[in-house]
Amino acid sequence: MDRPNGLMAGKRGLVMGVANNRSIAWGIAKALADAGAELALTYQGDALKKRVAPLAEELGAFLAGHCDVTDETTVDAVFAEVESQWGGLDFVVHAIAFSDKDELTGRYVETSRENFRKTMDVSVYSLTSITARAEKLMTDGGSILTLTYYGAEKVMPHYNVMGVAKAALEASVRYLAVDLGKQAIRVNAISAGPIKTLAASGIGDFRYILKWNEYNAPLKRSVTIDEVGQSALYLLSDMSRGVTGEVHHVDCGYHTVGMKAVDAPDISVVKDS
Ligand SMILES: NC(=O)c1ccc[n+]([C@@H]2O[C@H](COP(=O)([O-])OP(=O)(O)OC[C@H]3O[C@@H](n4cnc5c(N)ncnc54)[C@H](O)[C@@H]3O)[C@@H](O)[C@H]2O)c1
C-alpha cells in the first residue's frame, strides 16, 4: 500500500473495535496505515473474525486475537501477543461500546441496573483496563485514543445510559491523562458526529438523528469514518505531542450550534427500513 506522508513511520499500534468496513476504527486504521504505521487489530468473537481478518490483511496488520473486554483473560492475551510480536507499543485506539438496544430508546429513567453495569463495564471501564496494560508496553511514551459522542454533554433522544457512560468515559480520559502524563503517554478522545455503523443501528430513530445533524451542522453534512481517521492521525502522531486530556469534536461543527438552523427543514422521525 502507498505510504504518502510517513507521519507514523516506525510507530506500532493496537486498534481495538473494528467490526466491519463501516466501523470508525476501520477509518482510523486506514489513515494510520496510509501514514506508515504498523498495526495490530483485535476482533470480538469468531463471527467478527471473518470480517476483520481480510481487513487486517488489506493493511498488512496482524491479528492480536479475540478480545471481549468483559473477560480480562482475553485482554491479557491480546497484550501478551502484542508484546511477543513487537516488545513495545506506541499507540492504542479504543473504539468499543455496548448497551442493550432495548434501552437505547424511550426514557433514561427506565434503565435497568444490569444494563447500566454492562454499559459502564464495556464502554467505560475497558478504557482504564486497556490503558493499564498499554502503559507497561509504552516505555518510550505513547498516545491512547478513545471515541465519544456529544450525548455525553447534552441530552440526545434515545442515547440514554450511553450518554451517561460517555460522560464517564470523557472524565476517565482526563484522569488517565494525569496518571500517565509523566511518562509522556497522552490520552485523548474524539467526539464523532453520528455515523451509520453497526453500533449506531442500535440507537432508536438513528436516521432522524443523522438527518437532523446534516441539516443543522455548520458544514451541512455528517462526518465520515475517513475524516475521523484523519483527525485520529493527528492525535496519535507526534503532531499533537502537546495535547492530552482533550475531547476533540469531529462532527462537522454540530456541537457549536444552539438551535435548528433557520433554513433547515422541519423534519419528523423517519423510521429505519
Ligand atoms: N457511530 C456513531 O455515530 C458514533 C458517534 C460517536 C462515537 N461513536 C463511538 O465509536 C466507537 C466505535 O463504534 P462504531 O460506531 O464504529 O460501531 P461498530 O459497531 O463498528 O464498533 C463497535 C465495536 O465495539 C466492539 N465491542 C462491543 N462490545 C465489546 C466487548 N464486550 N469487548 C470487545 N469489543 C466490544 C464491537 O466488537 C465493535 O467492533 C464506540 O465507542 C461508539 O460509541 C460512534
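Yeah, the Cβs are placed from backbone N, Cα and C, and that goes for glycine too.
Binding of NAD(+) is attributed by TrEMBL to Gly17, Ser23, Ile24, Gln44, Asp68, Val69, Lys166, Ile195, Lys196, Thr197, Leu198, Ala199, and within the candidate set Ile96, Ile267 the record adds Ile96 to that site. Over all protein chains present, the Cβ of Gly17 (NAD(+) binding site) has 25 other Cβ atoms lying within 10 Å. Among the recorded positions Ile24, Ile96, Tyr149, Tyr159, Ile195, Ala199, the ones whose Cβ sits under 6 Å from an atom of ligand 1 are, in sequence order, Ile24, Ile96, Tyr149, Ile195, Ala199. Taken over all pairs of the listed NAD(+)-binding residues (Gly17, Ser23, Ile24, Gln44, Asp68, Val69, Ile96, Lys166, Ile195, Lys196, Thr197, Leu198, Ala199), the Cα spread reaches a maximum of 23 Å, rounded to the nearest whole number. Residue environment of Tyr149 (active site, proton acceptor) contains 25 other Cβ atoms, counted within 10 Å of its Cβ in all protein chains. Recorded residues Ile96 (NAD(+) binding site) and Tyr149 (active site, proton acceptor) have their alpha carbons 12 Å apart, per Cα-Cα distance.
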